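Enquirer: Below you'll find the structure I mean.
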């Protein structure tokens, strides 16, 4: 059986390309503290980088997540976001954090994060949480009732929600796999 040159070339490319596309995703420097000054540094991941020699501890610090957010609104919840806008040192780190406060029967209405998976831990209260899978999975609901210390994961891009089932306030913290997860909501 004779194999043509073009078929042999395709087979060779199919075997070589996966190895040729391998790369090292390690950062090129220790950190890239975000700054708003257009004349300062290199533009990386949507932000300009401060000269690393000018970085200070405050670039990696935020204070205030010990204080409850104002839940006096139509959804009876408050999300306090700590991302690259609050901690410039998060630039290029691919992570952020939120504190979510819920009044009794408050909710974090259905929403998505187009750039992040979310992992939520309940600290206080009782929450009903869940997400809906895509059409590919017949839009199934994955839901649980959480108690303090319970953890639930919301996959990237999935519509998800949280509802305080109790007569007392609830508090949760969530980590997101992006310095700027984004949020898409109808509210």
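Each residue's number is its place along the chain shown, starting with 1.
Glycine too: its Cβ is placed from the backbone N, Cα and C atoms.
Where the annotation comes from TrEMBL, it is an automatic prediction and has not been curated.
Copied straight from TrEMBL:
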SIGNAL    1-22  signal peptide
DISULFID  32-49  disulfide bond
DOMAIN    63-184  domain 'Cupin type-1'
BINDING   108, 113, 118  oxalate binding site
BINDING   111, 113, 118, 160  Mn(2+) binding site
Enquirer: Could you say which of the binding-site residues 111, 160 has its Cβ with the most other Cβ atoms inside 10 Å?
Expert: 160
Enquirer: Using DSSP, break the domain 'Cupin type-1' (63-184) down into helix, strand and coil residues and give each count.
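Expert: For that range the per-state counts are 6 helix, 56 strand, 60 coil.
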Enquirer: Name them in sequence order: residues not among 108, 113, 118 whose Cβ is within 8 Å of the mean position of the Cβ atoms defining the oxalate site.
Expert: 98, 111, 112, 116, 120, 154, 160, 174, 176, 181, 183
Enquirer: Near residue 108 (oxalate binding site), how many other Cβ atoms are within 10 Å of its Cβ?
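Expert: I count 27 other Cβ atoms within 10 Å of it.
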Enquirer: Specify the count of other C-beta atoms within 10 Å of the C-beta of residue 113 (oxalate binding site).
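Expert: Residue 113 (oxalate binding site): 23 neighbouring Cβ atoms within 10 Å.
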Enquirer: Which ones, of the recorded positions 32, 49, 160, have a Cα no more than 10 Å from the Cα of residue 108 (oxalate binding site)?
Expert: 160
Enquirer: Far apart in sequence but close in space: which same-chain residues, 6 or more away, have a Cβ under 8 Å from residue 118 (oxalate binding site)?
Expert: 153, 154, 160, 174, 175, 176, 177, 181
Enquirer: What's the CA-CA gap between residue 111 (Mn(2+) binding site) and residue 32 (disulfide bond) in angstrom, rounded?
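Expert: Residue 111 (Mn(2+) binding site) and residue 32 (disulfide bond) have their Cα atoms 30 Å apart.
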Enquirer: Let me make sure I understand the structure: which of the disulfide-bonded residues listed (32, 49) has the fewest other Cβ atoms within 10 A of its Cβ?
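Expert: Comparing Cβ neighbours within 10 Å for the disulfide-bonded residues 32, 49, 49 has the fewest.
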Enquirer: Excluding 111, 113, 118, 160, please set out which residues of the same chain place their CB within 8 Å of the center of the CB atoms of the Mn(2+) site, keeping sequence order.
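Expert: Going along the sequence, the neighbours appear as 112, 116, 131, 154, 158, 159, 181, 183.
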